[in-house]
Amino acid sequence: MTKQSIVQDYKHPQPGTTSTFTVDEKVRREVWNNGIRRPKGYVVSYHANPDMEKMHFGPKHPMKPWRLTLTNKIVLAYGMHEAMDLYIPRAATPQELKEFHREDYIDFLQRVTPADNTWDPESRTYAYNTADDCPIFDGLYNYCSLYAGASLDAARKLTNHQSQIAINWSGGLHHAKKTEASGFCYINDIVLAILQLLLHHPRVLYIDIDVHHGDGVEQAFWSTDRVMTLSFHKYDRAEFFPGTGALDDTGPLNNASPGAHHSLNVPLHDGIEDDQYIKLFQDIVRPCVRTYQPTVIVLQCGADSLGGDRLGCFNVNIKAHGACVAFVKKFNLPMLVLGGGGYTARNVAKAWAYETSLCIGAEVHPNLPVHTPYLEHFGNEKTLFPKLDSTERYANKNSRVYLESVVMGIMEQLRYLQGSPSVQMQHIPPDIGGLRDELERELFNEREEREERERARRKKERKG
């Protein structure tokens, strides 16, 4: 019997000549077809830690960190990573988190376990608001330190001039307060990132397009003129979380306070549509930039302002949402781009992937690449731009007259500003809160010294 060769001669086909070529080759084809290349004249950095994607708030909770998995898979499938510097950021240290948050709150987040979940008014979870909307789950502290670390890393890349646009879709959790969790947010990574930016930048403009008011960031910088906060959101004091952010909420009422007129709010009603949203955004952001003259912009891109969102109430499509990113980019200022809300995961991922393409200046085709992982999750909507305003549509309650009145209200607040604030740059404190605490301590010590001198004088008079 003739011995035959087990392995026959085999010639591998050239890439592209068969449907079985590798995923890498498919991605390279996407890069070629979409003309994706590194931007000229600026660097975009992308900050993502895959450990974030493993977190789970619970089966019935609307916050799904898995939306980050979908976002990153679309970005990679299009080949956008070829145009960016990619970073896996480290977790923030407890000391870094304490630059804004109180020490006892950070210590609590480090120690608490799911067994501590309770709504007992006497419990620590009640005191720190970590129940119901902000549950305790396995890996909570790791989750918080990872998304905060990513925002800090992105901010440092901007201050070090290693990138001009830094993206962290896991960040943007704008409701967290100094000593408590709020609205699915435990650590306010935005405040921490802005404090980092203030080490090098005299003025920061914070813009928030989440459907919910950016109350945590506004409160943190309420009394300083070095940060201007501008939030576009649904407003209903009684019926819609967090019930803050009225047009006349513009900072401290005392005009002598540096923060007066530096907290700007754009309250909206249900059902605002694409053209209205884009025009309103541009009509307000343009004069804010011109008047305040920021040296860096932080843009929170909460995707719950999209139509069809599980918790939202607008009729905004992905291209209109992305138009805000494109408009801010035109100012050619360093820009920190963050995520935020967004509770219909498939639409959140598409929006943030599209906005990533805008940051790198690529025009990607609308059909999701066929090799995109988890493509079946998108059902029949395998397009980057589904028609979001045709399903679960809200009646538009934003009249032209109302929106014009909102613009006029913002212009009136800007009129109070006497140009951009000047900052003496010899020394910039690590955080604004720390500076206030230091001044309060000095005043307290001076008062104590005066009272001590007065007591000594009276004692001497009595002896005489």
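Cβ atoms here come from the backbone N, Cα and C positions, even for glycine.
According to TrEMBL, the protein carries these features:
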- 61-357: domain 'Histone deacetylase' (DOMAIN)
- Asp133, Gly183, Tyr343: substrate binding site (BINDING)
- His175: active site, proton acceptor (ACT_SITE)
- Asp210, His212, Asp304: divalent metal cation binding site (BINDING)
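Structure coloured by features recorded in TrEMBL.
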| residue | record | CB count, 10 Å |
| --- | --- | --- |
| Asp133 | substrate binding site | 17 |
| His175 | active site, proton acceptor | 27 |
| Gly183 | substrate binding site | 22 |
| Asp210 | divalent metal cation binding site | 27 |
| His212 | divalent metal cation binding site | 27 |
| Asp304 | divalent metal cation binding site | 24 |
| Tyr343 | substrate binding site | 20 |
Measure from the CA atom of Gly183 (substrate binding site) to the CA atom of His175 (active site, proton acceptor) and give the result in Å, rounded to a whole number.
6
Within 10 Å of Asp210 (divalent metal cation binding site), Cα to Cα, which of the binding-site residues Asp133, Gly183, Tyr343 are there?
none
Rounded mean pLDDT for the residues that make up the domain 'Histone deacetylase' (61-357):
96
Can you tell me the CA-to-CA distance separating His212 (divalent metal cation binding site) and Gly183 (substrate binding site), as a whole number of Å?
9
With the substrate site defined by the record as Asp133, Gly183, Tyr343, how many Å span the farthest pair of C-alpha atoms?
14
Of the binding-site residues listed here (Asp133, Gly183, Tyr343), which is spatially closest to Asp304 (divalent metal cation binding site) when Cα positions are compared?
Tyr343
Excluding Asp133, Gly183, Tyr343 themselves, which residues in that chain have a Cβ inside 8 Å of the centre of the Cβ atoms defining the substrate site?
Pro62, Met63, His175, Phe184, Cys185, His212, Phe241, Leu311, Gly341
